[in-house]
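Inspection log for the structure reproduced underneath, given as structure tokens.
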Amino acid sequence: YLDHGLGAPAPYVDPLEPKREVDELADQMGFQEAYRRFYGTT
């Protein structure tokens, strides 16, 4: 198992991990900006 620092072991790649990264960006700069940066859309 791999520990991704989330406090729990994950036996597989979390399919929601990219969304979590977007959520973290959204907390810092706002959702629309985070979405645009991550997906490359306006």
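Every residue gets a Cβ built from N, Cα and C, even glycine.
Taken from Swiss-Prot, the feature domain 'Gla' applies to 1-40.
Sequence annotations record features per position, and here Swiss-Prot assigns 4-hydroxyproline to Pro9.
Annotated 4-carboxyglutamate per Swiss-Prot: Glu17 (among others), in sequence order. Secondary structure from DSSP puts Glu17 (4-carboxyglutamate) in a helix. Neighbour count (other Cβ atoms within 10 Å of the Cβ, all protein chains): 12 for Glu17 (4-carboxyglutamate).
As annotated by Swiss-Prot, Ca(2+) 1 binding site applies to Glu17, with the evidence given as similarity to another entry.
Neighbour count (other Cβ atoms within 10 Å of the Cβ, all protein chains): 12 for Glu21 (4-carboxyglutamate). Marked as 4-carboxyglutamate by Swiss-Prot: Glu21 (among others).
The Ca(2+) 2 binding site annotation in Swiss-Prot covers Glu21.
The Ca(2+) 3 binding site annotation in Swiss-Prot covers Asp23 and rests on similarity to another entry. Counted within 10 Å of its Cβ, the other Cβ atoms near Asp23 (Ca(2+) 3 binding site) come to 12, all protein chains included.
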Alpha-carbon distance [Glu17 (4-carboxyglutamate); Asp23 (Ca(2+) 3 binding site)] in Å: 10
